[in-house]
Amino acid sequence: MADDSGTEDVGSGCSGWFLVEAVVDKQTGDVVSEDEDEDAIEDSGYDMVDFINDTVVSEHEELSNAQALLHAQQTCADAVELCELKRKYISPYVSPIQCSEPSVDGDLSPRLHAIKLGGGKKAKRRLFERLEQRDSGYGYSQVETTETQVEEEHGEPEGIEGGSGRAATVETEAVEVLEESSDVIQQLSPRTQVVELFKCKDLNAKLCGKFKELFGVGFHDLVRQFKSDKSTCTDWVYAVFGVNPTIAEGFHTLLKGQALYLHTQWTTCRWGMVLLALCRYKVAKNRETVVRQLAKMLNVPDNQLMVQPPKLQSSAAALFWFRSGMGNGSEVSGTTPEWIAKQTMLEHSFAEAQFSLTQMVQWAYDNGHTDECEIAYYYAQIADIDANAAAFLKSNNQAKYVRDCAAMCKHYRLAEMRRMSMADWIKHRGEKCDEGDWKPIVKLLRYQHIDIIVFLAALKKWLHGIPKKNCICIVGPPDTGKSCFGMSLMHFLQGTIISFVNSCSHFWLQSLVDAKVAMLDDVTSACWAYMDTHMRNLLDGNPTSIDRKHKSLAVIKCPPLLLTSNINIKHDCKYQYLQSRVTVFEFPNPFPFDSNGNAVYELSDANWNSFFKRLASSLELQTTEDEDGETSQAPRFVPGTVVRTL
């Protein structure tokens, strides 16, 4: 195959590029002979016409051009080195490389500027390989120069090799470095909107990994998880990626007016600015509200935000916020949250006390809590102001403490109730109620055609537990107010309710052991038959034995018992043995209501309190008091402090 024109003897003498330039300079109409002696042309020196620049340049101008070129090359080299070494800390939006690239690319050489290597493609791979080697610690002390084989197509050269000089090779490498560094700066630009985040399958894991890389601690080590976006909280921790620096400067000032405490930290990475903040809002907000507010203020999409409430019981998390708030990289405003202060400041550490069950029992007794759920919930609510409650929350035996506290409160309440007489108990219950009006109760009895004198006489014997008068039954048609009357009285006296539905169990009467008064509502024929067979002695008000679950039999005197029924045993002779043991009052009239559906006669605790106070002398409920008045103190179940005198 014949060689292409102008490609012989490549590497010796003039290169192929200069031969092509000589052919182009010929006139269009000139004809080149095939048997032209190429050696003669080389000897004549016509191919070297444009090789030497005969332009007269003054010494001062030549020196100025050299200095300008040297300055441009040094600026380029310094910028590239600075970008490689400190690319993590340099703002990706303003770089000296971007300012110097257009001028340097043209000032290196006018002839070199006309050359396009590889059809205008930029060599990116060499720079990335060099950066990877330097990041890994290898190849940092040597500069690898790899010559690229340039292919020729149709006699048109695409590159320069070998013999055309080392200066062109060095200048070409400088252009490559400039183009590569420009690509790196372009990748660091925030205008890409962190495209890499959208390419990964697990976005949350990618963000958490980048967060730990930047701040040295995992995001989930600082927060607790809220599964629902509707859960409200005053304290929130959020991390935001890809924030514009111009917006980041005024973020703290914008949000400070809405928060009681605000802690912000900013750092940079190849994704842009990254924000970590702890904020205590003036009002509780849910996650949807916080995310919507941050996305609007910082101009970022929702998937670039991680928002969770902070860990309040983690000493490590509290120490992180405390230590980072003392550094120059954080901006803090407002009062430090108490959960940080308690876990980091010495005075709070010294003030921590061990949990005391007696203090918890005293609190439950003073506030009238005997149910386990109420004790656990309300005692946890005062952990901010009570040191013992805070120690209770830190304990791993909270359930055990709650059970023990409820059991002790019930024991104290039961002993207190048994110690009191019926008059003292009614007075004790009346102290917990307001003062009402006794007349609605009397009017209701008159409305039901009950003689007040007879009712008060029976009520006095019933309250004092006189044998054969220890049970009162209210009978009548439905909707006459029998159950309403009895339930209101039981609520005021804090009595217990028993039900015949549990009669199949041997323990259905067990609650009578710990009761001051009791009530059995809606006694049917089966219940009357059961009472006539098994409960005659109980209705008498005499001592009887009650079976208790997991305990031995208890011998008790039946408390005053109130019954309601639609069956009047006075009219049935088969209950003749119960007629002498049960005092019967009949409610014949329907219970009255006004036009709004409210009861005409209000049966409240306040009205019952006024009723017993008004008729205390008739019911013989006077309590014995000293001449100076009552001097008893509230029960105290915590150990006192012994004062030692010198």
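Placed from the backbone N, Cα and C atoms, the Cβ positions cover glycine too.
As recorded in Swiss-Prot, the features of this protein are as follows:
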type	residues	note
MOD_RES	Ser91	phosphoserine
MOD_RES	Ser95	phosphoserine
MOTIF	108-117	motif 'Nuclear export signal'
MOD_RES	Ser109	phosphoserine
REGION	138-166	region 'Disordered'
COMPBIAS	149-159	compositional bias 'Acidic residues'
REGION	186-352	region 'DNA-binding region'
DOMAIN	450-600	domain 'SF3 helicase'
BINDING	Gly476, Pro477, Pro478, Asp479, Thr480, Gly481, Lys482, Ser483	ATP binding site
CROSSLNK	Lys557	SUMO cross-link
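Ranked by Cβ neighbours within 10 A across all protein chains shown, the recorded positions Lys482, Lys557 are led by Lys482. Counting every protein chain shown, 20 other Cβ atoms lie within 10 Å of the Cβ of Thr480 (ATP binding site). For the pair Pro478 (ATP binding site) and Lys557 (SUMO cross-link), the Cα-Cα distance reads 32 Å. Taking the C-alpha positions, the distance from Thr480 (ATP binding site) to the residue listed as 'SUMO cross-link' comes to 31 Å. Comparing the residue listed as 'SUMO cross-link' with Asp479 (ATP binding site), their Cα atoms are 33 Å apart once rounded.
Taking a C-beta cut-off of under 8 Å and a sequence gap of six or more, Pro477 (ATP binding site) has these contacts in its own chain: Asn566, Pro588, Pro590. Most Cβ neighbours within 10 Å, among the binding-site residues Gly476, Gly481: Gly481 holds that distinction in the structure as shown.
Sequence-ordered, the extra residues of this chain that approach the ATP site, with Cβ no more than 8 Å from the Cβ center of Gly476, Pro477, Pro478, Asp479, Thr480, Gly481, Lys482, Ser483, are Thr564, Asn566, Phe587, Pro590, Phe591. In this view, Ser483 (ATP binding site) is surrounded by 16 other Cβ atoms within 10 Å of its Cβ, with every protein chain counted. Counting only same-chain residues six or more apart in sequence, the Cβ atoms lying under 8 angstroms from the Cβ of Asp479 (ATP binding site) belong to Pro590, Phe591. The number of other Cβ atoms within 10 Å of the Cβ belonging to Pro478 (ATP binding site), over all protein chains shown, comes to 9. A strand conformation is recorded for the residue listed as 'SUMO cross-link' in the three-state DSSP classification.
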